[in-house]
Structure formats: C-alpha cells, structure tokens
Amino acid sequence: MLPRLGFARTARSIHRFKMTQISKPFFHSTEVGKPGPQQKLSKSYTAVFKKWFVRGLKLTFYTTLAGTLYVSYELYKESNPPKQVPQSTAFANGLKKKELVILGTGWGAISLLKKLDTSLYNVTVVSPRSFFLFTPLLPSTPVGTIEMKSIVEPVRSIARRTPGEVHYIEAEALDVDPKAKKVMVQSVSEDEYFVSSLSYDYLVVSVGAKTTTFNIPGVYGNANFLKEIEDAQNIRMKLMKTIEQASSFPVNDPERKRLLTFVVVGGGPTGVEFAAELQDYINQDLRKWMPDLSKEMKVILIEALPNILNMFDKTLIKYAEDLFARDEIDLQVNTAVKVVEPTYIRTLQNGQTNTDIEYGMLVWATGNEPIDFSKTLMSRIPEQTNRRGLLINDKLELLGSENSIYAIGDCTAHTGFFPTAQVAHQEGEYLAKILDKKLQIEQLEWDMLNSTDETEVSRLQKEVNLRKSKLDKFNYKHMGALAYIGSETAIADLHMGDSSYQLKGMFAFLFWKSAYLAMCLSIRNRILIAMDWTKVYFLGRDSSV
C-alpha cells in the first residue's frame, strides 16, 4: 500500500507543476494570482490613454464653446452698434468742429475711417462704390473659389460702427478747388442725378488708380481687367461663355483651340494668383465634368520683366516658376505685348522675336496709372509734376496744399512703396492718429485763446509746442508679401524687424489663408470666406453665372 500511495502523490505533484507552468506567462510573478509586469504596463497605458482622451474631449468642448461664444458676441456687436455722436457745428466748449471729406472706399480710406475717432470731426465719405472690396482675394472670385459677396462690406455698415456719425454720398469726385477748399462731386445713381460742391477743412484723397494699358492699341475693348468686383463678374461670364462656345466645335478644330487658350498679362500678384486659380479650376473641377475639353485648355501668363513676382525673394520666385511648369501653366517672361486684336495678341520676346498668340479670353492685370480725377487735381497744383501719381511729403500731405489735403493709397507716387493694400492700410491708420493729435492741439489753442491767466497761457503754449513736435512722419513697416500660386500651395516672404523668413508649400498656403482671414474687416466676412473654402473642399467650385 505504501508504494502505491507514494506513486499517486508524486503523480499529482507533477501534474500540478505542469499546469502551473502552462498558466504562467514567460515573465511572471513568483506569486500565483498576481499580475505580471507586462499586465501592469498594459493597464498603465490604458489608464493614461483614457485620462488624456477625456482631457482632449473636455478641451475640445470648452474650445468649441469659447469659439462659439466669441463669434456670437462679435456678430451681436456688428449687428447692434452703439449710438453714435451726431454731427454738429461746434464742440461743447465752442470750438468749431472741422469738416473732413474722404474720397474713396478702398484700403486707405476705410483704414482711416475705422481708426479715426469720428466724433472729433464732421466726416463725409464720397465714393461711387458703396462698399469696401477685399482686393487680396479678388483673383479667387471669377472661378468660384470665393463668392463675390463674401469679400465686400457695405460702407454704411463700417461707418455705423464708428464713434461719431458719418455721412456717405454715393458720388464721384470731379474737381477740387484747393484755394476755396471745395470739392465738386457728381452722382452716379441712375435714379437721381446731381452735381454739388462740398466744403472741407481737411480733404483725404484715396481714390485709387486704374490698370495701365501702356498705350498699347486694342487693350480697351478686347481685354478684361481685374480691378473691381464688376471685372470679376465679367471674367466669370466670359469664361463660361468661351468654354461653351469651344465645346460646340469638333476636336482639332483651330477655333476650338483658340477659344480654349486663356492669356493673362501681368506677372504681379493679381496676374499670378488669377492664373493659378484658373489652372486649379481646370485641374480640379473641369477635369471631372468635362475631362476631354479640360485637357485641351491652356493658360498662358505673360510678363515683360525677366521674372514674375519681383517683390519676392529669388528662391520663392524660382519655386513659383517651377510649380507653374509642373502645373502646365505656360509662363513667358521677357515678353512684351505690342498689339491686342480681338482674337490674338502680338508679342515681342526677348526684344527680338515677334509672335502672335491666339486667345479665347484675355485678362489684363498690369500696373497702375492715375484716374481722371487725380490728373485733374495735378493740373490744379503747380507742385504736382509727377504724372504717375500724386506727390506727397513724409506726412502724407499733398505737395502744394500741405495744410489741408492728404493723399494715401494707390493714387500717390510715393518713392519706394509698392501700390499694395498693406501700404494703404498703414497710411490710413497713421493719418487717423495725426488727425486725432491735430484736434488735441486745436483744443489746446482754443483754451489758450480763451484764457486770461498768463501762467495758464504759457503752460498751454508749451504743451502745444510739445505736441506739434511729436507729430511724427509716416514710417512704413514692411511686413512681407503673400501670393497663392496654385495646387493648394503659396509663398510667403515675411519680414520681422531686421529678419526675413521665406515660406513655401502647404504650410505657406495655410498661413496665407490665416493671414487673409485675420485681415478681414468683419466677423461676417471671415465666416463667409471660411465657408466658401470649406464648400470648395467638399463640393467643388460654383462657377455658375
């Protein structure tokens, strides 16, 4: 019996040992029932993940809530502006309130209007255009990347959000009498015609410029400009009409080839960005709905200088030109247009070769030249000797009429400044500060005039002299330049102090979008533009007329 019992116990012990070895992991605890290091590590990772996942959800929720509240608050502020100070003939202390007339509703004029304390002056804005146009995104509108209504803001809405009452007159300035301080304006409304004269103490000329044709025959009547919102509408209609006309001709027909050739003249930001937008429209939208026709479409960009975008760093210019070559945009530099005909343009390449280029649509996006009003104003003042624009001093005062007329924006010929929104914006904000300071000086002079205390008069005189000495000159700070070059890429030449940074590619494209959203005047415009970009991403461009 004893041997049998011993054998049974030994067999049971061996069986228990085997089962224990099978149930344990390779790395195991010496104590049965307790988790090993690997199990502890797995549970630790799971706990950390759950903790950060919950934190991420909370952060997303609070960020979304804060963003929604901010947008709602901004929309409420824009929709419910506070009560304005009404215009009056004088201040409470008896000082006469001066008349400030602003000609134009572009970047310079609107930047001035937004920055100025309009309760200090009787402000009148005169412009044939009753809205502000966000010009940096204008090249995106003809092909439907951005809707035209998304980049406009009514002048009356902007004026209503200022501290003091602002009068707006939908009219065009015709002439100025600098000696009498009067400006002649003419209505542009078809329903009501009038010509009237407005008196001013200060006149701000911010009438912009028009696209120059360099006196090339045939540009007017054959080319489409891209300066105003009406130009973008005309280009969209012309583009759609040309594509439909081309589709009615058989493949390999010379007329079909001509109609499907789109020529853009001008290698500045406007010309480059429109050419890029047009090629995007062909590659990303028409290729889906009209695949055969889209393969025959050709975009040609013509520039008279050796390279496009000459305000950018050379490395960025090279990047843009290489991208155009990849996207099959025919870039022709050192090419000057000599004649424009209804169906073709004649060019001179490298100063040697004459070439005829047939086109279905021609977009003219070259430099600027003064409008008729600016030319009339130049003729009134002998000191205005530059035919390219109004001459101003370093305080933005018009030469020959320094104490009463200012000029800002594209209508001026300011050496070293590009005719960009950035320059006009800074000029407008600077002028608002100057006008505020001038009113403060006038208030001190009025108090000095009405004071009988010699000590007080002496103190006020010192204060006046000090404030006059602090009327700084205009100091332009170049922040850089941005340009969209197609295929969801952009270039950015940024300047911060003495340092410069060059960005390109997708990151620069996101920066380009963010920068322009930040530059918009209202939260309404920001929302509409962001919605347009989102719509294009998911649904494609809407190019319907």
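Glycine too: its Cβ is placed from the backbone N, Cα and C atoms.
Taken verbatim from Swiss-Prot:
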- 99-129: FAD binding site (BINDING)
- 260-296: NAD(+) binding site (BINDING)
- 1-21: transit peptide (TRANSIT)
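Structural mapping of features recorded in Swiss-Prot.
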| residue | record | contacts (Cβ under 8 Å, 6+ apart) |
| --- | --- | --- |
| Glu99 | FAD binding site | Tyr121, Asn122, Thr124, Leu198, Ser199, Tyr200, Asp201, Tyr202 |
| Leu103 | FAD binding site | Ala109, Val126, Ser127, Ala173, Val183, Leu203, Val204, Val205, Ser206, Val207, Phe373 |
| Ser111 | FAD binding site | Ala424, His425, Gln426, Glu427, Gly428, Glu429, Ala432 |
| Ser119 | FAD binding site | Gln84, Val85, Pro163, Gly164 |
| Val123 | FAD binding site | Gln87, Leu100, Ile102, Leu113, Leu116, Ala159, Thr162, Gly164, Glu165, Val166, His167 |
| Leu260 | NAD(+) binding site | Thr242, Ile243, Ala246, Leu293, Glu296, Met297, Lys298, Gly360 |
| Val265 | NAD(+) binding site | Ala223, Gly271, Ile302, Val337, Ile345, Leu362, Val363, Trp364, Ala365, Thr366 |
| Thr270 | NAD(+) binding site | Leu138, Pro139, Leu226, Ala365 |
| Asp285 | NAD(+) binding site | Gly540, Arg541, Ser543 |
| Met290 | NAD(+) binding site | Ile243, Ser247 |
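Closest in space to Lys115 (FAD binding site), of the binding-site residues given as Ala275, Asp280, Lys295, is Ala275, taking the CA atom of each residue. The number of other Cβ atoms within 10 Å of the Cβ belonging to Lys115 (FAD binding site), over all protein chains shown, comes to 18.
The subset of binding-site residues (Ala275, Asp280, Lys295) lying with their Cα within 10 Å of the Cα of Trp107 (FAD binding site) is empty, i.e. none. In the three-state DSSP assignment, the secondary structure recorded for Ser127 (FAD binding site) is strand. Taking Cβ-Cβ distances under 8 Å and a sequence gap of 6 or more within the same chain, the neighbours of Lys295 (NAD(+) binding site) are Arg287. Sparsest Cβ environment among the binding-site residues Trp107, Ala275, Asp280 (other Cβ atoms counted within 10 Å): Asp280. Counting every protein chain shown, 26 other Cβ atoms lie within 10 Å of the Cβ of Ser127 (FAD binding site).
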